[in-house]
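Novice: Questions regarding the structure given below will be posed in turn.
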Amino acid sequence: MATQADDAAASQANIEDGDLKEHVHDELDKIQQQRSTATVFPEPLRESDSEDSDDEDNGPAQAPPMFMNMNQSIYGLIAQASNRVDFNDRFDGMSSDEEGESSQNTRTESIARTSILQPAGKGKDKVHRRRKLSEHKLLRSLPALPKLRSRHKSQHSTLPAPEEVADEADDEHGDGGLLPAPALTLTRQDTQDRLAPVMSRMLEAKADLSIRPSFDLDRLSSDVSRSSDSDEVSALSRKLKEIFEFDEYEQVIEEYPCWLLQSVLLQGYMYITSKHICFYAYLPKKTHEAVKSGYLSKSGKRNPSYARFWFRLKGDVLTYYKTATDVYFPHGQIDLRYGISASIVDTDKEALHFVVETRHRTYKFKADSAPSAKEWVKSLQRVIFRSHNDGDSVKISLPIKNVMDIEDTQMISFADTCKIRVIDNDETYAIDEYFFSFFSFGKEAINVLKILIEDSSGARSAEQVITGDDHDSSQPSSGHASKAASKRAPSKLSTGKLPDTVKATLAPMSPLSPRSPSQLSPRASMDAPRSSFDGFRRFGKKSLDVTSSIGDHSPRRSFSGRRSTSHQHRQGTTTPKQAHDSEDSFLQSSIENPSISTLSPSSYDEPSASQILQGSDVFHSPMMRRSASTSRKRDRSGKRTPRSSSAHGDRHHGIPHAATTGAIHKMGDEQADSQRPATPTLNSITKIGAYPLQRANAFAEYLSRTSQRMGSMFATESLGYVEKVHGMWKGEHRHYDEPQELRTDDDGEDIDSEADDKMQTTIDRFRAHFALPESEKLVATYFGAIFKVLPLYGKFYISDRSFCFRSLYPGTRTKLILPLKDIENVHKEKGFRYGYYGLTVVIRGHEELFFEFRKPGLRDDCAVTLHQLMETNRFLEQSGILDQEEQDDEEAAAAMAERDELQEARQDEFVDHELTLPRTTSGVSNAPTILFDNPNSSGLAFKPQKSMKITCLTIGSRGDIQPYIALCKGLLAEGHKPRIATHGEFQEWVESHGIEFARVEGDPGELMRLCIENGTFTWAFLREANSTFRGWLDDLLDSAYTACEGSELLIESPSAMAGIHIAEKLEIPYFRAFTMPWTRTRAYPHAFIMPEHKMGGAFNYMTYVMFDNIFWKATAYQVNRWRNKTLGLPSTSLEKMQPNKVPFLYNFSPSVVAPPLDFSDWIRVTGYWFLNEGGGDWKPPQELQDFIAKARADGKKIVYVGFGSIIVKDPAKMTQEVIDAVLKADVRCILSKGWSDRISPKDDPSKPPPDEPVIPAEIHVITSAPHDWLFSQIDAAAHHGGSGTTGASLRAGIPTIIRPFFGDQFFFSTRVEDLGVGVCVRKWGTNSFGRALWEVTRNERMIVKARVLGEQIRSESGVDNAIQCIYRDLEYAKSLIKRRAGKNNAEHGLAEDDDDTEESWTFVGRDEPDPDAVTKKLSDGLAGLGAAGDRPPPLGSQAPTVA
């Protein structure tokens, strides 16, 4: 044995002097040699000799340790102590790592030696053991003291250095059978001063003895640190020190790609250094994007039946809705920050059912298929895993001295897995288990870890760590010993000190998803399960937001990077101040044995009596205050000063929380607090006598405070309830954004604190109601009603980022969560009910919402608050100031940069370790969910292999033709052969761009006159068109078919009416494209049926149903006749054509007309198709350039006024009104008089035209000019509101005035007003037009909005997007035309009601009639369109009345 000990000591010395990395590689080589030359012993020789050795080596000591001067009084010790002695510093024992740093030149002498008898035969054995602390009578007589903390190396005491414990016993005492006790030594300089009392020196020796793990182990860490300072530090070592916040540079021994195995499999890298085992993985959070969405069935809380909802997994919240379009009205929410697990139900053979367990309840779901259920479970597991991690990267740092053992486990069949059991810290001695899987280098990595643990100076068995038993420290720790030690009673906790704690951003969890609450214990600690771990651990900014009395008390340690510190202390996260919030240490009574029940007081959902009374000072353990100045105080902003990890650990009656996976704090005062020793000093022990007086004072204070609270409670409890109900029905409001920093009255601190507590309660309830993050700041609350079918009374919440509503009627659960960024505008209108005041909120891509208030002041205050917050958010976005989402993006970018730097440093040092992905997991049904960096996925190529002959069919004015010219030029660039089929007057313009032209009959001017005079598709329009336009429609259909022959793809404006039939005849794919909404939606009304006021989603949807039926019924007879005679196709109907399933391309910007949420996947909003004609050969006239230059020199605003080729009754009058308005508004005008070029047929052509007004010098008249050039030279534009002209002015970033005449012009004028970038002039006149000119040229708010919108539109590429959409939906369009061709080739004897392919529409909402019923009624009631009757007013000027 002695020879073995000598060899071990020599080997350890060689490790210290040499390189640790080389030693590990040498040990690996020995293992390989042993494997190759291993001797197989026969069966009788395989038994262990452990029993004999135990009987021989581990005999009991002959005598217990002896102490001197046991009769000395403690008060005598105090009297003998010098005033200059600081007992706090004197009893702060140094760690074993510090002993080697003392000066070697200082002579020391032995003060006292205590001999310990040893059994015979052990005299020459140099392997010494620690004595059992339970045998020391002095320590057994003292209370259960907290563990001793080591002081940081940088802290130097002003007193002489304390006595050091000798590392090795003197050899001359070996023969006598006595083992020399640790020698208490002092320097010669110290002996000149007065010595400390004997008991003081003895207690110091005991403290140092408890710190040292073993006397025969050398100080590897200190040697490494000294060598690392002298040698050159590698880039990887520097980066690891920065990321994991080491105290010093550490030598990197090995690096391996590995996977952290928990409920998911996380890709990362393991870094093995001289002192730590580190794991790093880049895991970005996806807070602002929807991860998965789809339909699921959910079981109710009390109703076991399943109901079908549409689910969306976004951020940390799983939200479900009644329909996929009501994304602002959630039916329910599941906050996955409280999530524990997600798993498939084992008893389900079909694997359709799965459950999600949270701290509150268990949710049951049913998917449509087994793959869908599996995908949902994996997505939920990923989100739960991410939500439990702090930051955008996973960091785990395991000190090697804390590692108990490393065990090979077979968790998954396709990788090597090891289990690392590590002691969390020296406060609770909780044992964590971490599982790491290796798909490559697995055996090598596990061997390196085992070698490093066995050779480390901190290698101790679990029994030594927990109980301090006297076992041979040279024995390697085994799994059997660890398991036996873990079952030890916690009453044997020693005062030993671990040099470091486990630090992690992620909690250690079981590698298997728990199936029941009894299996939720992630680690085995002592002898009791720790089932409360997952539910109550604190995880930083995305952590479990448990009650303040539980979640905030956990001394969990996390990496103190920029992410964790920036989100832990936000506004509104404070808790009521308690006495134990200060930096006071607590001393347990000697009769109180620590147990697991006290370590985890939050293990149960129902609070115990001690938890209820935790706010009382009476029920706390005795408190030892360092000084009055160290107490923490609450600052005026409602935040608390950051506390050190020890302060966190001392909460809950001095017992730290069970979950204590350690934290890293920045160096400074916080570290000084955390490094203070937990072992009570002699100075502190003297204060024990004052505890009864402190308890009495605290009890008296408690009685006084409680009596006052109870008295006020009885007096105000019932009154407060009445006031709440009265305030709710009275409809009051409250603002919560008053800065607390303005309060300067210190006398009112208690009043302010009480008000702040009430305010904080309201804010917490607001966040809990809507599952919002802690960063959401409540601004104001109101009471009012949301108006859907019936008014629903409730409470409005306005935060800095959301507008929320919650119904208060019993039996209702309506909620609204509307992000402020989705609100386009807010309008004040009349209420639907008498005596109420309305507020309309216009939402991007959604129908407008209506609200009502009892008082106009409340309505106005709510509108102003919303406008202010909307403007603030827009200003922050424009100015570049980071909002919350951008802050998260910046943190994610920082984490990505950190990952890249670490990868670069890793590749420089370990180039042979490349990551090997588990390629066989796809075939394993129960393989864990895999998380890894998202690679850059390349998109699929949808472009056809050969060029196509594409025809664009359209009719209308110049603005209707121009977008198709732009699209055809893009198709030409793609190699296709485009053709435009339209009116003959545009032939020269089309061919000038190199595009083939095909003629379509029809006069666009005649059609425009019909629309202006009768309104767009009104009863008068249909009656006149039915009588006079029969021949016009026949010519249009025949010429359109001729123009489209030979085409391989047809793109048509739906106003041409012939395209869908031609595509059916030619059996070619068919697309629709238009400049205004033509597809059924609740977001916008039909562009041809625009009301004067907002009418809601039900009305909007019904306008499309009405128009489709009227439009088809008016043309059905001629169309079916043309199909039969010309095309040879059978007659059709609106239901058989299914026009709403045709792929659609909208050529307007999504920034102007946001895609509605209820659009199908084949409906695309591509962006404007601009035809840039100003950048070619066109040159502006010199007169125009001079006019613009003179206006700029005079400091005048320049506006453009042009209403295109609109036909007006009195062109001269309109010109004079424009002149007068320009002069009144004091602006310069560029006038394009296109309205005088066309003459109304009602006027006599033989009459001479009226005299034109005299044009003043402030106005310059032009014939035409490219919009892309002209609009960039002016300040505002006024036009008729066509799609192309509106897009041109908005792209230039200038405010727009729209004077609508017919068609889609009313729609775009409404959109311009809703966006706040222009003015709509519905009632024309000199004064109204002049006021509009004044506003658009001087309203800075409107000017800024227009400029921002212009930047967004200019960044789009509408033509390129449209071409890609054509490629993407081409196969879908072919499938539709094949289906129609198959039906036409079938026998004509099919039943008329054959609905195999009939379109099935889900009508969104419950507040509108069935569209199918309306379609049939309209079809039956429109038989006599040509009947005589009074002509109704145009629908473009007023809202129609719908029965």
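Cβ from N, Cα, C; glycine included.
This is the feature table in Swiss-Prot:
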BINDING   S957, R958, D960, A1265, H1267, H1280, S1283, G1284, T1285, D1304, Q1305  UDP-alpha-D-glucose binding site
COILED    883-910  coiled coil
COMPBIAS  1-13  compositional bias 'Low complexity'
COMPBIAS  18-32  compositional bias 'Basic and acidic residues'
COMPBIAS  49-58  compositional bias 'Acidic residues'
COMPBIAS  104-117  compositional bias 'Polar residues'
COMPBIAS  125-134  compositional bias 'Basic residues'
COMPBIAS  164-173  compositional bias 'Acidic residues'
COMPBIAS  506-525  compositional bias 'Low complexity'
COMPBIAS  585-614  compositional bias 'Polar residues'
COMPBIAS  631-642  compositional bias 'Basic residues'
COMPBIAS  1405-1419  compositional bias 'Basic and acidic residues'
DOMAIN    240-284  domain 'GRAM 1'
DOMAIN    289-385  domain 'PH'
DOMAIN    765-870  domain 'GRAM 2'
REGION    1-69  region 'Disordered'
REGION    88-187  region 'Disordered'
REGION    463-657  region 'Disordered'
REGION    1385-1443  region 'Disordered'
Novice: Between S957, S1283, T1285, Q1305, which of the binding-site residues has the fewest other CB atoms within 10 angstroms in the structure shown?
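Specialist: Each of the binding-site residues S957, S1283, T1285, Q1305 was scored; lowest Cβ tally within 10 Å is S957.
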Novice: Near D960 (UDP-alpha-D-glucose binding site), which residues of its own chain have a C-beta under 8 A away, given they sit six or more steps off in sequence?
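Specialist: Spatial neighbours, sequence-distant, of D960 (UDP-alpha-D-glucose binding site): T954, S1053, S1055, T1075.
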Novice: In Å, how large is the greatest distance between any two Cα atoms among S957, R958, D960, A1265, H1267, H1280, S1283, G1284, T1285, D1304, Q1305, the listed binders of UDP-alpha-D-glucose?
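Specialist: So the maximum pairwise Cα distance among the UDP-alpha-D-glucose binders is 23 Å.
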Novice: Over the span of the domain 'GRAM 2' (765-870), how high is the average pLDDT in this prediction?
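Specialist: Its mean pLDDT is 91.
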Novice: Using a 10 Å radius around its CB, how many other CB atoms surround H1267 (UDP-alpha-D-glucose binding site)?
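Specialist: Its Cβ shell of radius 10 Å holds 25 other Cβ atoms.
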Novice: So, in DSSP terms, is S957 (UDP-alpha-D-glucose binding site) helix, strand, or coil?
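Specialist: DSSP call for S957 (UDP-alpha-D-glucose binding site): coil, neither helix nor strand.
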Novice: Hey, does DSSP put T1285 (UDP-alpha-D-glucose binding site) in a helix, a strand, or just coil?
Specialist: helix
